[in-house]
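Colleague: The structure that follows is given in the form of structure tokens.
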Amino acid sequence: MTNNILEMRGITKTFPGVKALSNVTIEVERGEVHAICGENGAGKSTLMKVLSGVYPHGTYDGDIVFENETVEFKDLTDSEAKGIVIIHQELALSPYLSIAENIFLNNELKGRGGLIDWNKTNFEASKLLARVGLRENPTTKIMDIGVGKQQLVEIAKALSKEVKLLILDEPTAALNDEDSDHLLDLILHLKGQGITSIIISHKLNEIKKVADSVTVIRDGKTIETIAKQEVTEDRIIKDMVGRDLEHRYPDHTPNLGDELLRVEDWTAHHPQDTSRVVVDNVNLHVRAGEIVGIAGLMGAGRTEFAMSLFGQSYGSRISGKVFLRGKEIKTRTVSEAIEHGIAYATEDRKTYGLNLIEDIKRNISMASLKKLERFGLVHDNEEYKIATEFKNSMNIKAPNVLVKTGKLSGGNQQKVVLSKWIYSDPDVLILDEPTRGIDVGAKYEIYTIINKLAAQGKGVIVISSELPELLGICDRVYAISEGRITGELPIAEATPESMLKLMTMEKPR
Amino acid sequence: MSNTPTQTPPTGDSQAVGATINPVQNKFTDRLSHVLADLGKNGIFIALIAVVVLFSILTDGILLRPQNISNLVVQNGYILVLAIGMVMVIIAGHIDLSVGSVAAFVGACSGVFAVQWGLPWWLSVILSLGIGALVGVWQGFWIAYVGIPAFIVTLAGMLIFRGLALVVLGNANIGSFPAEYRALGNGFLTDLFGEFEIDPLTLGVGAIAIIALVVQQVRTRRGRQKYGQDVEPMVWFVIKLVLISAAIGFFAYSLASYKGIPITLIILAVLILVYGIVMNRTVFGRHIYAIGGNRHAAELSGIKTRRVDFWLFVNMGTLAALAGLIFTARLNLAGPKAGDGFELEAISAAFIGGAAVQGGVGTIGGAIIGGLIIGVLNNGMSIMGIGIEWQQVVKGLVLLLAVAFDVYNRRRSGGR
């Protein structure tokens, strides 16, 4: 008898032509928080799908031992019955149902006559909400609470199933720092109640905070399991990418030119609630060759500012002035903004950035088809050639440019989005969370691309919630809070502490 | 044949990480994968051939008799015209339920113009197409600029234009159209040149079509090779060309031994050619696919989605009008029942032809073949004397199975 709640031994899983997992072994001790790290495509999700029965027994080789008993799951229901619950990155909640309804979805509490007992449902739900520290009425609809709280509802749902092993797939990817901290505390709290967790994450600092041990997977193989006291960021990174990463950020010597873009008194209101100010009198500028950061917590109005500037894609009652090279321009529609040399790469590339059912080539040309037009027809061979050039120069990993972007990893998808905007030949690029959900190695590549753009004399605005990233790549940073620019610092003076202070500065009331 | 795809090795800078994909460069598997990919892509084409073969056997060859082949084209012309517009609407993620009513309404109007007012046939045609475009402007306005789902707007349109058709007709049929007008639906090109046993003009046009096809295909292939793109193996390329040429040849010969080229076919051929180019090679067509694939991403790429939506429905309205004209001309009668159920046949054609309900996927060619499959089913079963009730059942099942096959295929290939 060991004290392991879970052992996966020699797991090998092949897809036609690809060996996704090869002889992966992982041991999770009862009552610990076990982190699994690896680059995108390393096989983390596949491993979890094997564990939770999404890939049923028989479709993989190797053994799963759960609570000292070899298990053969046929599907998710099977694994849940044993107390293994997985919470996916994309939350599986129904927005129009209440919190309580979601918690007991497909596990409804029935009263007399087989009908749902709503009083009991709401009562039990409020008990579960208390356990996860969520103060919300169980009858509130999911769509009316934020992502952070939705994540807690997912955990409450898991608790309702008497979970023994909780698997969280990148649980904080979409959360701001405050919500992330709360969630991590909750995981530790549940650990105190004897619930074992596996957490899959890219974020090394949070792994250090909660994990008792870390298993690193690379290219479908287990590299090593590191105990808490030995965990260092450098070691995890080295394991993940298979080499030392001396610098997380490429060197960048700014070569600043004249002012490219200046925004004056930019104000935007909420699209529905038109009396609410979301972007409040923002003033900023970017010079040629400059990388400027906008730091702000989630909901601070960063994305709202960028999108309202980019063809009024967000908001209502927008006012303010935009100058390009000292000349005032209008950016009322997206095509107008593009024509004036502004590009905006969205934070949510799957929803707003890419046509996932279309190939790389057509995604790259999407914003600049006019350039490919000859006698009214799109020159498709030229399109192929240009897309292939981007594939090579941006190092997009795909057999050719006819691959659908839906099949690419996050990092490669982001490179396609960047290619699209670079091909539109902008003067100023606004990159909203350019490295969200991207693994360490690909992040470095994205930073290198950003540097190259600046070196070509373009102005780059990077919006990010990861402070180290902004401090690592920018020449100058703005802090934004409650829709207002609360400060501006040259990079030499910016420290995480000084930035955070500005980012949390409240409006004088 | 050596067709080594010029795959540039990833020139990754030293920071590149992660597994590089190494496609298996094996000649046989390469060729096989091409054949399989082609079969998948042309599955609908193969389905058409299968249906044709099946019904030729079941009807003792009547299906492929010259007269019947000619009839097939003429009887289905208006559905195919609608299918072209419909697949475009569907690719953009919309639907149009009103086309049958619009066709009836425009047919009625054309009756008023050409018969009651005695306007020249060409003026009647132009006015009728204009009315169709106006109908499209009306529906496009609500859909694109007010933001009401196309399903609702065109459901309303289905009632509105059916009603207006009855109003225009005033509870009576309008009939006996001028001969030039009737030719839209019934005419043959040979009527212009006199009659031969086997019409030389038709054979000539068939030959030109084959030559044009081969030249175009070879040029496309050369162009691709020049730009270092992967092309299918020569053997497979030649086999495909020979098969398609043979089909065109047989088709032309059949038409030639009956009455020649139907005017409807000429209209259709022009439409297929023009719209095929529009969808594949013009910015407007690309924008339609982009909008259907991801509307938000299209908007944020500077595509004027509303404008595209609007013109799509103007286009659909005009094509619905054209279908109404062809149908009216064929019956030589504008009646209240005209266009009944056209929308469903056109929608079926688009979906059988591989369009996706979520939008973003579909082709003009697919929709045409889908329409032909429905046409052959209709025609074949009628020849066999199967009642209308069972014809409906069969057509329903074919639609269901075709889409199910498509969904299954996509899932298997890991697509979305």
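Quick reminder: no glycine exception, Cβ is built from N, Cα and C everywhere.
Curation plays no part in TrEMBL annotations; they are all automatic predictions.
Just so it is clear, the model here is predicted, and its values are computed rather than measured.
Look at TrEMBL and you will find B:44-64, B:76-95, B:115-135, B:142-161, B:198-215, B:235-255, B:261-278, B:310-329, B:349-377 tagged as transmembrane segment.
Structural setting of the listed features?
Modeller: A Cβ distance under 8 Å defines the sequence-distant neighbours of the transmembrane segment (B:44-64), meaning residues of its chain 6+ beyond its ends; these are 254, 352-354, 366, 369-370, 372-373, 376-377, 379-381, 383-384, 402.
For the transmembrane segment (B:76-95), the list of distant contacts is 103, 143, 150-151, 154, 185, 262, 264-265, 267-268, 271-272, 275, 279, 288-289, 291-292, 295, 308-309, 312-313, 315-316, 318-320, 322-324, 326-327, 330, 342-343, 345-347, 349-351, 353, 355-364, 366-368, 370-372, 374-375, 378: same-chain residues at least six beyond its ends, Cβ to Cβ under 8 Å.
When Cβ-Cβ distances below 8 Å are used as the criterion, the transmembrane segment (B:115-135) is approached by residues 98, 102, 105-106, 109, 157, 161, 174-178, 180-181, 184, 314, 317-322, 324-325 of the same chain, each at least six residues removed from its ends.
Under 8 Å from some Cβ of the transmembrane segment (B:198-215) lie the Cβ atoms of residues 189-190, 241, 244-245, 248-249, 251-253, 255-257, 259-261, all in the same chain and six or more residues away from its ends.
Tertiary neighbourhood of the transmembrane segment (B:235-255): same-chain residues 1, 31, 34-35, 38, 64-66, 69-70, 73, 198-199, 202-203, 205-207, 209-210, 213-214, 217, 221, 261-262, 265, selected by CB-CB distance under 8 Å and a gap of 6+ residues from either end.
Proximity of distant same-chain residues to the transmembrane segment (B:349-377), defined by a Cβ-Cβ separation under 8 Å and at least 6 residues beyond the stretch ends, is recorded for 43-45, 47-48, 51-52, 55, 63, 72, 75-76, 79-80, 82-84, 86-88, 90-94, 272, 275-276, 279, 289, 291-294, 391, 394-395, 398-399, 402-403, 406.
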Colleague: Which residues, given as numbers and ranges, are at least 6 beyond the ends of the transmembrane segment (B:310-329) yet have a Cβ under 8 Å from it?
Modeller: 77-79, 81-82, 84-86, 88-89, 92, 94, 96, 98-99, 102-107, 110-111, 125, 128-129, 131-141, 143-145, 150, 177, 181-186, 264, 267, 271, 284, 288, 338-339, 342
